[in-house]
Amino acid sequence: MAAARLAARRASDAAQRGADAMRETQALESISSAQAEAKRIADAEEARLMEELDRKRSEAEAEAQRMKLEVARKRAEAEAEARRVQAELDATKRAADEEKAQLEAKLAEARRAADTESQRLVDSRRESARARAAEARAAADALEAEGRAKRRAEQAAAAERAASEKRALAERRAEEEQAAAERRAADARRRAEAQAAAEKRALEARKAQRRAAEAEEERRAAEERERRAAEERAVEARLAAERRVAERKAQEESDRKAAAAAAQKLATRRAREAARGAEVVEVAVARKASVPTQPAPKRRSPMKKSPPKRRQSLGRDRDLPPPSPPPATRKSAKKSPPKRRQSLGRDLPPPPPPPPARSDRSPLSPSNRRRSKKTPQKVTTATQMTPQPPVAQRSISFESPLPTADAPSVRPTPRAYPPPTPDSRVHKEAMRRRRLSAATPPQRTRKVFDAFDLTEESAARMIQSRWRCHDACWQFFLGLGAAVEIQRRFRGILARSPSRSPVRRGASLSPLRIARTVSAPAAVQQSTVVVAVVFPNEGVLITCQALVRGRRVRAASYRRSPPLWSVRKRADAAAKKATPSATLGARCRKALALVESGARLEDVRGACAALESSTRLSPSCCEALAASDGAIAALLKLARACNRSRPHVDLLTLMLRTLANVSERSPTLACRVAETEPCVDVLLDLVQVFRDRPVPFGIATGLLTTLAAADIGARNACASPAATKRLASVAALLKLRDHHAQGAALAAFRRTLATA
């Protein structure tokens with residue numbers, strides 16, 4: 001009946017496993033179809049994003065091309081203007097040359113006329129005087145014409161200088177417009193790239209979400225498979241437990257039968273021994289009655305150096321408890337005189353003399369050489385001449401558990417489950433046998449050492465052989481343990497290898513996961529108990545628990561996503577290579593100390609670069625800069641001391657970016673920057689001085705806008721009549737010089753002030 005139920009249960013389990021396999025196959029098919037659909041959608045989305053990216057890239061390139069064409073057009077206009085000015089200059093030069101030629105021709109004609117007049121009026125003083133006067137007038141006219149020519153030449157040179165200045169201005173304007181167009185094109189290209197990167201990141205995030213969903217589905221399927229496998233193992237374990245219970249019951253039944261048979265045999269053997277002992281006693285009593293009694297010979301006293309009597313005999317009778325006297329012996333003992341009260345053993349011959357005492361010296365020494373023993377003369381008495389019973393009868397004991405020579409020895413069976421009760425007869429008999437067996441090996445070992453007369457060499461050989469045996473066994477077990485460990489590691493590697501299918505990998509890893517799940521809480525609890533004993537503080541316990549949980553979460557994340565492990569390794573390598581002095585906080589503190597010390601402009605360039613990077617990346621560095629004593633004032637003082645050279649402009653840009661980073665971090669920090677006394681005045685001076693430099697002008701204008709929006713004192717200072725007049729003059733100059741970018745930034749700042 002039980003076999004039928006077991007077969008029915010196995011059939012139902014097989015049917016259930018078949019149904020689970022079908023459901024798993026369907027789930028895998030649905031997962032594969034969902035993965036194919038997700039891949040198709042992802043490919044379509046990626047194609048759409050790539051088309052959008054190409055379109056935006058083409059638009060950015062078209063915008064850049066348009067900007068280039070605009071720059072080329074403006075450059076052509078500037079070149080045309082320069083050519084027109086050059087043509088005007090050339091025309092002016094030609095007119096001056098023509099006028100000079102005319103004046104020279106007139107001077108030549110005047111000279112010729114003066115010569116003819118002087119020749120005609122040579123004889124007459126009046127005519128000569130007129131000639132001299134005409135010559136003087138001609139010389140004056142020539143000098144005046146030469147002065148006019150010089151003035152015309154100076155005017156032409158001034159016109160040429162003005163044309164060169166206009167040409168340089170046109171070239172500089174064209175370069176600035178080209179740079180602005182390139183910046184706008186680069187900004188457009190960066191915006192397009194940033195948007196494309198954002199869309200790509202969004203696509204990657206969606207892909208990661210889909211992969212996470214697929215991994216979650218796979219994990220759930222693996223958990224379902226593990227659960228079914230665990231249920232199957234539980235069913236198998238239950239069946240195995242039932243089989244073990246049945247086997248245990250059968251073993252207990254067989255043990256009970258064996259114990260009953262052993263007890264029956266023991267009772268039979270004891271009855272036989274009792275009958276045989278009674279016969280021996282009757283024979284001994286009859287012999288004593290037929291032979292006249294004589295006083296027992298006095299036994300020689302043993303030597304002082306002799307070992308105890310239990311070491312004299314090599315027979316088995318010394319390992320047995322002393323036999324109890326039979327009833328017949330007791331009666332004879334009562335009737336005999338007190339000195340004749342002896343047991344059955346007194347009728348036997350005395351034991352042999354003990355062996356000589358051994359010394360610790362070598363057996364070859366003269367003191368340890370064997371000498372001839374003087375055997376004492378035996379006294380022949382009637383008691384000694386009587387026939388003695390066999391030696392085997394001396395080992396008879398009515399309470400001895402050991403079997404005799406003719407009785408078969410029955411080895412006790414191993415303890416069954418459950419063990420017998422302590423007050424049972426079988427238990428008592430087993431305990432007595434165990435005590436006797438525990439006392440027997442030392443006695444047997446001593447017998448062996450007494451029987452074999454060991455020397456130092458033989459003892460050394462025995463010790464060496466035992467040690468070689470022990471070492472060989474130990475090496476064998478070490479090799480066996482190493483082989484088992486290697487097999488376990490290799491099987492774990494095979495189970496975790498990514499080349500296997502997910503189903504087989506999940507089926508092989510499920511026992512490992514179950515074992516880890518079972519052993520992990522115990523290990524954590526044990527470590528927690530140890531930490532609680534060593535460190536009784538609650539914060540230390542919480543920290544240890546957080547470390548353990550964090551390690552477990554990181555290990556799980558590394559298993560789910562292997563690239564995270566490489567990222568973590570790179571981060572650890574970077575952390576090992578990093579030094580504490582290279583951190584943002586250390587660099588910021590060092591730069592603040594250098595700036596507050598009042599160093600020169602040439603010495604603070606590295607400090608300003610460190611402050612700009614630290615305030616741009618770390619909010620704590622911004623708070624440290626705002627809370628420092630005199631750092632902002634020192635930066636403003638250095639900014640006011642900068643001139644229009646290129647190194648000073650770069651240093652000023654770093655300082656302004658540092659202040660802008662601090663102000664844009666939070667309104668509170670902006671108020672701290674604005675409360676520094678010369679802040680608004682210094683920024684207005686920088687706006688006026690560097691109006692033709694787009695980078696520092698834009699940063700200073702943006703910083704003024706941030707401070708005016710955050711602090712009412714800075715807003716009132718920017719809206720004062722003097723500041724308004726200065727800003728209006730700067731706006732007029734920017735409009736006159738066609739600085740559109742700076743003009744737009746300044747107009748935005750003025751609109752902010754008007755709105756506030």
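Each residue's number is its place along the chain shown, starting with 1.
Cβ atoms are placed via backbone N, Cα and C, with glycine included.
As written in TrEMBL, here are the features:
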REGION    1-31  region 'Disordered'
COMPBIAS  52-135  compositional bias 'Basic and acidic residues'
REGION    52-442  region 'Disordered'
COMPBIAS  145-154  compositional bias 'Basic and acidic residues'
COMPBIAS  162-258  compositional bias 'Basic and acidic residues'
COMPBIAS  277-291  compositional bias 'Low complexity'
COMPBIAS  297-313  compositional bias 'Basic residues'
COMPBIAS  331-343  compositional bias 'Basic residues'
COMPBIAS  348-357  compositional bias 'Pro residues'
COMPBIAS  377-386  compositional bias 'Polar residues'
Ranking 145-154, 162-258, 277-291 by Cβ pairs under 8 Å to the compositional bias 'Basic and acidic residues' (52-135) puts first 162-258
In the same chain, which residue numbers or ranges, 6 or more beyond the ends of the region 'Disordered' (1-31), come under 8 angstroms Cβ to Cβ? 214, 217-218, 221, 224-225, 228, 232, 235, 239, 503
In the compositional bias 'Basic and acidic residues' (145-154), how many residues does DSSP assign to helix, to strand and to coil? 10 helix, 0 strand, 0 coil
